[in-house]
Amino acid sequence: MLELRHRGGCPGPGAAGAPPPREGEAAGGDHETESTSDKETDIDDRYGDLDSRPDSDIPEIPPSSDRTPEILKKALSGLSSRWKNWWIRGILTLTMISLFFLIIYMGSFMLMLLVLGIQVKCFHEIITIGYRVYRSYDLPWFRTLSWYFLLCVNYFFYGETVADYFATFVQREEQLQFLIRYHRFISFALYLAGFCMFVLSLVKKHYRLQFYMFAWTHVTLLITVTQSHLVIQNLFEGMIWFLVPISSVICNDITAYLFGFFFGRTPLIKLSPKKTWEGFIGGFFSTVVFGFVAAYMLSKYQYFVCPVEYRSDVNSFVTECEPSELFQLQSYSLPPFLKAVLRRETVSLYPFQIHSIALSTFASLIGPFGGFFASGFKRAFKIKDFANTIPGHGGIMDRFDCQYLMATFVHVYITSFIRGPNPSKVLQQLLVLQPEQQLNIYKTLKTHLIEKGILQPTLKV
């Protein structure tokens with residue numbers, strides 16, 4: 001830090017016969033104002049000029065410790081590092097897939113908890129990088145504020161979900177009715193409290209650093225919380241809209257790795273030197289085939305195709321419905337060249353299988369760019385992985401960097417091409433209205449149906 005040094009022999013402003021200050025000199029004669037200004041400018045240059053630092057000046061984060069189980073290390077000790085990593089990744093991948101199947105069997109609520117847990121862990125991994133890179137351990141309240149904002153944003157999004165899908169349950173609880181009615185105002189008030197706490201925590205010498213981290217927190221919230229909320233929204237449309245996109249990304253990740261491992265020769269992108277064109281192309285065709293077959297298998301069962309609804313009478317989620325046309329077999333005429341190959345005129349498919357081609361194509365062609373983006377992010381901050389949570393795979397964010405991009409696409413795809421009016425959701429909204437409002441809607445609907453000839457007019461006696 002700069003030190004202010006008093007210049008001796010220079011009289012103060014009250015001294016008799018003091019000469020007028022020279023141009024550019026402080027009126028005090030001892031240049032206190034000028035020195036203070038220079039001091040603050042120098043402090044800002046030294047502590048706040050993070051945006052002008054080249055990449056080479058960003059401190060390297062120490063590599064994470066190896067968390068591979070000792071039993072695996074001993075079993076694979078005789079292999080080369082390349083094949084050792086291949087086996088570790090393979091074993092852990094099969095383990096994670098098995099656990100995923102178990103959670104699917106346990107139902108929609110457990111899947112929602114899984115999404116929430118992954119979201120929190122991804123947020124923790126990204127925020128931790130920010131703490132390390134910007135040396136922000138000594139900033140007041142910042143860790144607390146980061147997690148506080150996470151709670152606020154989750155309160156807002158999950159409150160919206162409760163209001164949309166649990167209206168009948170909310171109707172029975174007076175306390176919940178108050179919270180839902182003023183949900184957005186409460187959410188905004190909570191955020192404002194965090195905003196004010198951040199402003200009060202601003203410390204001289206660290207202004208720019210603190211605003212960097214404030215922006216870092218909000219971008220992280222946008223990436224993790226918003227996208228995980230979209231995943232849950234997709235899940236409520238039917239478990240198949242959750243499983244096929246997620247499994248397509250997993251399939252693409254695995255098959256692209258296998259094709260690249262065994263046949264890869266041509267580098268694909270500089271951000272990820274290990275990615276190859278052979279892996280990218282092989283992963284594309286494998287993913288499209290997988291998505292088509294998975295869509296056929298899952299479309300047969302109500303458990304996967306019916307929208308997830310909460311039934312207040314049984315106090316649980318249910319997946320029972322009459323499947324929509326998307327999940328009923330339809331006959332399609334084959335193109336001429338396929339007729340000659342397959343020797344048949346038509347083929348029976350579920351319409352969802354056609355949509356699965358679009359989902360699989362995005363997962364294999366655009367989805368990997370989420371991984372490339374994450375690779376660029378890690379290179380920018382000189383880290384190999386986001387964390388070392390999963391041996392051979394890195395952190396949770398390393399495995400779900402493509403999933404978040406996929407979730408956004410699926411949500412946009414459903415709202416643009418699939419979703420129609422949901423009678424169950426409309427009924428839930430009607431049930432929370434006042435009796436007078438319900439009666440008015442009933443009269444209006446009855447009049448409309450009579451005019452359309454669906455109902456016969458009631459004869460007045």
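Every residue, even glycine, has its Cβ placed from backbone N, Cα and C.
Quantities reported herein were computed from a predicted structural model and do not represent experimental measurements.
Feature annotation (TrEMBL): of 76-98, 329-351, 352-374, the stretch labelled transmembrane segment is 352-374. Counting same-chain residues at least six beyond the ends of the transmembrane segment (212-232), those with a Cβ under 8 angstroms from any Cβ of the stretch are 50-51, 112, 115-116, 118-119, 122-123, 126-127, 130, 134, 136, 139, 142, 145-146, 149-150, 153-154, 157-158, 161, 198, 242, 403-405, 407-408, 410-411.
Looking at 178-200, 276-298, 352-374, the range that has the most CB pairs within less than 8 A of the transmembrane segment (141-158) turns out to be 178-200. Between the transmembrane segment (276-298) and the transmembrane segment (352-374), the number of CB pairs under 8 angstroms, six or more residues apart, is three or more, so the stretches are in contact.
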